[in-house]
Ligand code: 4NP
């Protein structure tokens, strides 16, 4: 059975599609499945934001086949690890969790890089273009750590 990892942000068009593509590129496909979802429903069925597609492409990744979807409570059973991009996503998802086991699957992604500091991946949606480069660099750095841990633990 492959290990399943879910990346969560607000819209599922900027940060979590990048997180999905980046982590997926660092894990062997046979053993791991990476997906993403948004806490909101505005972008269900949409492709990632053009600026996320562009920054991914600049770094050699293609994420334009992804389709936005909303987080659902069955994701708690479906996935082994749920990484959220910011503190607001964390509160929204924890609020939906019904059991301690479900809660324990949810972690703020940058806590893998800066333990216990509860740092947000900033939402680049309304910001400047280099916001996306910034987000890419952060996610690439943390995904390297996560991939290493997952491969060690599950291989
Ligand atoms: P994301 O960014 O959570 O990184 O996908 C956002 C994209 C769209 C919206 C909010 C955040 N929105 O309100 O439409």
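Count begins at 1; order follows the chain as displayed.
The backbone N, Cα and C atoms fix where each Cβ goes, and this holds for glycine too.
Just so you know, TrEMBL annotations are computer predictions that nobody has curated.
What TrEMBL annotates here:
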- 9: active site, nucleophile (ACT_SITE)
- 15: active site (ACT_SITE)
- 123: active site, proton donor (ACT_SITE)
- 3-149: domain 'Phosphotyrosine protein phosphatase I' (DOMAIN)
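Across the domain 'Phosphotyrosine protein phosphatase I' (3-149), the DSSP tally of helix, strand and coil residues reads 64 helix, 22 strand, 61 coil. A C-beta separation below 8 Å, combined with a sequence spacing of at least six in one chain, links residue 9 (active site, nucleophile) to 15, 16, 19, 36, 38, 39, 84, 85, 86, 89, 121, 123.
Set side by side, the active-site residues 15, 123 differ in how many other CB atoms lie within 10 angstroms of their CB, and the most is found at 15.
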